[in-house]
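Asks: One structure, pasted below without further comment.
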Amino acid sequence: MQNLLHNLNSEQLAAVTLPAQSALILAGAGSGKTRVLTTRIAWLIQTGQISPQSVLAVTFTNKSAKEMLTRLSAMLPINTRGMWVGTFHGLCNRLLRAHHKDAGLPQTFQILDSSDQLSFIKRLLKANNIDDEKFPPRTLMYFINGAKDKGLRAAAVDAYDDTDRKMVALYDLYDAQCQREGVVDFAELLLRTYELLSRNQPLREHYQSRFKHILVDEFQDTNDLQYKWLKLMAGNQAAVFAVGDDDQSIYAFRGANVGNMSAFEREFQVKNLIKLEQNYRSHGHILDTANALIEHNSKRLGKNLRTDAGHGELVRISESSSDIQEAQWIVEEAKNLMREGSSGSEIAILYRSNAQSRVLEHALFTAGLPYRVYGGQRYFERAEIKHAIAYMQLMDNPHNDSAFLRVVNFPTRGIGARSLEQLQDAAKQYGISLYAAVPYVSGKAGTSLGNFVKLIEGARFETHNLPLPEMVKVVLDISTLLIHYQTEKEGADRIENLEQLINAATLFVSEEGYGHAAPALAGPPSQLAASLLSAPDGIQIIDADAALPTVMSPLSAFLSHASLEAGDNQAQAGQDALQLMTVHAAKGLEFDAVFITGLEEGLFPHENSAKEETGVEEERRLMYVAITRARKRLYITFSQTRMLHGQIRYNTRSRFFDEMPEESLKWLSPKVQASWFGNKKSAWDDAPESGVNAIAQGFAKNQGGSGWRIGQGVMHAKFGEGVIVNIEGSGTNARAHINFGQFGMKLLDLSIAKLDKIGS
DNA sequence: CAACACTTACGCGGT
DNA sequence: GTAAGTGTTG
């Protein structure tokens, strides 16, 4: 036990060894949050206070769940089985599979990922003749998910106008259709579990008395439903150990509610609020920059990171004339770092939005530097994999109309739009699934559809006794997917991916403990330990623990896995590659050197954030997250011009520069009076570093005669102060694009408009 | 049903 | 700029 605790600082130690009461741990960036969480569990078990069975640990991502389990098994001699560690969605899936009857779901219910959900909604709108101009599928999806994330069914949603009322009706329709097809979306997993436990007292009491300790990671990211779910799970007995950082709350846009932290403090009567403020990651100037920036947010629980690592280097700021120059500057600087011995994988280039990656990639590619972009398409999201999965979904649950429509004519087998129209009419008429409606379609269409059904039935028959990987093999064969891609010229990669699916199944079977000989399709329950537990009132409850391998067939399990864990996204290039990703994707990661790019008004903070009151504060937290990714060296770059949506945009530097401490920054390029809002800087500063000269030349190239130049501040009688951002034509034809701030960009004829020069 | 031109939108993203 | 969706052809 000694060695479990001996490396902890006093804050961490206090957190780990708290009494069995609910506690809130405010864990700053790089303060050893995961360590505290896992050591807490290990300590509780090792000191004999609790048994592994009474632990429930919840995370948001599979990655952190996996990491937690890995660390736990390193700390504890015991098997981590019996402990429940997983994502909200993974745990809910488990509960719903075990108690599917009570939850009103078929045993083989299937999980829609976001793209499945969107196409589901499009199909729903079409089938009900809803104008998708008036009700855009995306809007409806946000509406539905937003309601579910608050724990609201259609009947409980308030609607104040006709559009809202229609949306509510569509929400209801959507739920009914999901129920008919035996599919659930991500939010439904949580909502359905919540409803199951709140309505079913014996079940609720069973789990409440089992889980004495509930631990939650990234608590600031919980939405309203997840918070309610936790309250329900906890009952009034469990100790909830919540770890989070309000300053790193960057997911409000998808329903996360930081307010849950203070609500938790209040409602769980938290006596123990512990702040982890010792940072083990970043050097002083980097932390000072982060601290000073986040100070500008109003609603904070209050926290200040400190380090023993010394001041370290200043934060380097670089300005460029264009996004291309910015990228080239970064490439040069990264090359220098690598020449000095840095490993590429320890250098991250961060950006606010994905669109920015293209220019960076181009520059890196031209320079021949290996790089890796995070956030691309994931394995299970690829079209060919989705197709293969759809065949298996149909075998497991033929009423999944989405799966049916995806592959009924892929590869093509002469079933066109007309046949499907007939089929959809029949399905609607009888209120049944497309698959079930096939016998009601007559004629030629009926024959080809019948053949498709025979194909699925045949696949099911042929594979019902096969282990999962064998089954995948047969499906790839019978579906003719492999043959189809063999005849396609660009199909080689797809074939390779499809063959990978067999490996994925093999891996899944061995990792999740589905024995090789177990029937792939749901058959008689195997002999695996089914612990039948007695509920207080004598009702027999099969605990979801042991129930998983018995209640869920390997196929159902694999299909869940495919939906819940989309797999790795493709990684380009070699081992030692520069890391490119959005700031969001960088959360939780750290690097020796970090470039934060595009620090411009409208981009970072993003222009859309100005719409909501709390928007800029979230952007600031996002910047805080970005800064705190860096260990030793931090670069922040911005550019005067940027290609966006195929058009050149003229940006001014981000307001965040004015919120960072001057004494921690080192400007590597001239601070041109870039803003009409009165930024103070205007001098050259410091010796230029690599790449700077080229940039300086870049924006010395101002155009136009007669004293007008790009960057010139002007005063207009009507629009007030502005800045010339571009000049076209010359002489009497010269016209200037002028940014007038709140009045926007104007194109004015320089020989006509009455403009006065202002500034230097 | 495939191939092509044309329109449209376009923020961050794990489950 | 580009990807995805729609409409129009052969």
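Backbone N, Cα and C atoms are what each Cβ position is placed from, and that goes for glycine too.
Sharing the feature lines straight out of TrEMBL:
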- A:6-283: domain 'UvrD-like helicase ATP-binding' (DOMAIN)
- A:Ala27, A:Gly28, A:Ala29, A:Gly30, A:Ser31, A:Gly32, A:Lys33, A:Thr34: ATP binding site (BINDING)
- A:284-588: domain 'UvrD-like helicase C-terminal' (DOMAIN)
Asks: Write out the long-range same-chain contacts of A:Thr34 (ATP binding site), meaning residues 6 or more apart in sequence whose Cβ is under 8 Å from its Cβ.
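Replies: Correct list: A:Ser64, A:Glu67, A:Met68, A:Arg71, A:Asp217.
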Asks: Can you give me the residues near the recorded ATP site, meaning same chain, not A:Ala27, A:Gly28, A:Ala29, A:Gly30, A:Ser31, A:Gly32, A:Lys33, A:Thr34 themselves, Cβ no more than 8 Å from the center of the site's Cβ atoms?
Replies: A:Val36, A:Asp245, A:Leu276, A:Asn279, A:Tyr280
Asks: Look at the binding-site residues A:Gly28, A:Gly30, A:Gly32 and tell me which residue has the greatest number of other C-beta atoms within 10 angstroms of its C-beta.
Replies: A:Gly28
Asks: Suppose we draw a 10 Å sphere around the Cβ of A:Ser31 (ATP binding site). How many other Cβ atoms does it contain, all chains included?
Replies: 24
Asks: If you draw a 10 Å sphere on the Cβ of A:Ala29 (ATP binding site), how many other Cβ atoms land inside?
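Replies: Looking across every protein chain shown, the total is 24.
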Asks: Can you give the mean pLDDT for the domain 'UvrD-like helicase ATP-binding' (A:6-283), rounded to a whole number?
Replies: 93
Asks: Around the C-beta of A:Lys33 (ATP binding site), how many further C-beta atoms are within 10 angstroms, looking at every protein chain?
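Replies: Counting Cβ neighbours of A:Lys33 (ATP binding site) within 10 Å gives 23.
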Asks: Are there residues of the same chain, six or more positions away from A:Ala27 (ATP binding site), whose CB falls under 8 angstroms from its CB, and which are they?
Replies: A:Lys33, A:Val36, A:Val243, A:Gly244, A:Asp245, A:Leu276
Asks: Determine, from DSSP, whether A:Ala27 (ATP binding site) sits in helix, strand or coil.
Replies: strand
